[in-house]
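Copied over from TrEMBL:
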type: BINDING; residues: A:7, A:8, A:9, A:10, A:177, A:178, A:183, A:188, A:213, A:214; note: ATP binding site
type: BINDING; residues: A:47, A:78; note: substrate binding site
type: DOMAIN; residues: A:278-357; note: domain 'ACT'
type: DOMAIN; residues: A:359-423; note: domain 'ACT'
């Protein structure tokens, strides 16, 4: 007997028919003798519907004033889900009980709409499990010290599930989603993309931060901090496939690096086209210019991703960075109106038609020449690299957006990710 | 400055446009210097939508097993409403904060789907009012001693509002609804029906229990118990009518009987066609037959309204009662299969084409001949009376359903309810 946490996304909970299937799947695990905790998301579309109502009443773009009330409203989506799933499980003949975040309680800080979990009291849940009940807990939400409802931000139910698994010291946390695991890259772009049977926690963290949408990044951070065995698998397999088969499906996020003797050098290719590149040309090269430029950007609440400063020529340098495309106009305005005049720089140029492509793999730590292989593969396709940035287990390049698919396919092949042995 | 509780029904909260109008109305009262507590219902249709989802998953008619989960689900409708109204008030430039039943807290017993309020802690709400905030509290729900969410049953938001007004010792509780007050009878049947400017608590209680749908009966009971000044008024008047005019509109439920020197003998005519009449013919007239018949009916969870036993002839009597039409078939089956054979009665006959018409008025206590006036008026229209039942301040008759409108109009005229002086 093991203690297992299941998490189901909004699509899996999207209709009563689908909720019935979730109940049958959970019932299968319970009947196999496992203690079950289930964390479902809101029914698909529900959170958007609720926030759209709120937006109609608060047309101001400044939503922080209403943040407490937004959480009050948005938290109801998951509350409905847990009640419905509990009824579906009882209709299957099992004992089940649902709890909201505040009932557990899941304590968070007071940062409405993006709260962080601080502690989980598992006493009530454990008592129910010991009494033979399946426990269903709302994802996405908690309660702060003053008894206000808080939410964890979009995708927060992943984090809730991992946090509950950590608090309960669960044997495994299974994230059921609409893909059947973590792939070497997006199969819609590279048909040869393969599902990874395992991926290291660090690689998963890079993949999540680089644009892979399989898991919310904070849930991966949480899993790493508490070493929660985490598996991503499909909720679209028939609910009645043998439990042994299901328990081995999907992708397991691991913490033991030597678990796979034949660790691939590169595990996956991530990409996104959410960014825009901005270059300040002809900046006088003196100490503090990075701070003068990026400090002003940060003060405007704009996140910067890749940052690059070229060597200087004749006392002048060019300073480039990327921001989210939504922040592009705002950043350009800020630089042109304030930063460039103050710095005495020449001008600002921007490019919104870029993308970022990254290779990720813990094998890069011990293998030389990985970046060189990447650059050669891109070069052979005639793709010009605009920016490069590296970390211990990833290398990212910024290129023309139009080459994105070509680059991903070339890199996928160059690192042999279509070969079964790479897993 | 007064402390005022406003309650808004689901129709008033039915869209963001209507919620904005509610906010403007509440803002008007707050700007006039009043401390405001608002109890809104769920947006119209929302509770039905949620319960329909639950029903799809639990096709069994036996819903008591899922009652805790039904409350978990249904309570979210009001939670969304309070959040939205709080945002709308903040958009109007006012300070507002929303609370669920458990946050106040409003403590109830554990009778899921029909819980009763036990206590309300007003400390948090009072602190907010003193800090200049408008407080918005979910109707319809509370929390039991074990921290479970409970609901008060359909129309429970009226009760929540009155209970909050009682706990806060509010100066007045205003129930905004889709009619503009309590009428002498339903204006759709009698165009001459007049709005009552005041009605005594006891009359309101009878009207509510006899089929007037203006106020939920438990909210009237609550108002009576704590002597909460209660006003029913329209939410469809323009929000910007002068506050003095609005404060005098609708119908005030009063507790001082001598308030109106010219108290009418009869204040209103109530009616319903929800009942069916059942008669057990030829029952051996011995002690205990009422219990034998009605005990079996009560054991089957069927509510009985009017009960009537005729004098016996030759050791046999006929025993009649009314039940809700939804319970008619079930009751007939029960009597035919079990009760009649056990009693040695002759047979059971039923009639679903009946209605009950009642006259209500505290003046009946001190005026003789009121019932006689009623019977004469009906007789003059050729309407045959099938059953009669009386209490201190009401007289009800059961008649053929087809005569209902005719009877109501005749009685409305016979008691002079179309005359202004009757108010």
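Just so you know, glycine gets a Cβ as well, placed from its N, Cα and C.
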Need one number: mean pLDDT over the domain 'ACT' (A:278-357).
89
When the domain 'ACT' (A:278-357) is classified with DSSP, how many of its residues are helical, how many are strand and how many are coil?
30 helix, 32 strand, 18 coil
Whole-number Å distance between the CA of residue A:213 (ATP binding site) and the CA of residue A:78 (substrate binding site)?
21
If you measure every Cα to Cα distance among A:7, A:8, A:9, A:10, A:177, A:178, A:183, A:188, A:213, A:214, the residues said to bind ATP, what is the biggest one in Å?
25
May I ask you to report the DSSP-based helix, strand or coil state of residue A:183 (ATP binding site)?
strand
Proximal residue to residue A:47 (substrate binding site) among binding-site residues A:7, A:9, A:177, A:183 (C-alpha distance):
A:9
Densest Cβ environment (other Cβ within 10 Å) across the binding-site residues A:9, A:47, A:78, A:177 belongs to A:78
Could you find out if DSSP has residue A:78 (substrate binding site) as helix, strand or coil?
helix
On a count of neighbouring CB atoms within 10 A, which of the binding-site residues A:7, A:183, A:213 is highest?
A:7
Tally of helix, strand and coil residues over the domain 'ACT' (A:359-423) according to DSSP?
32 helix, 16 strand, 17 coil
Quick one: pull the CA-CA distance for residue A:7 (ATP binding site) versus residue A:78 (substrate binding site), whole Å only.
12
DSSP-derived structure type at residue A:7 (ATP binding site), helix or strand or else coil:
strand
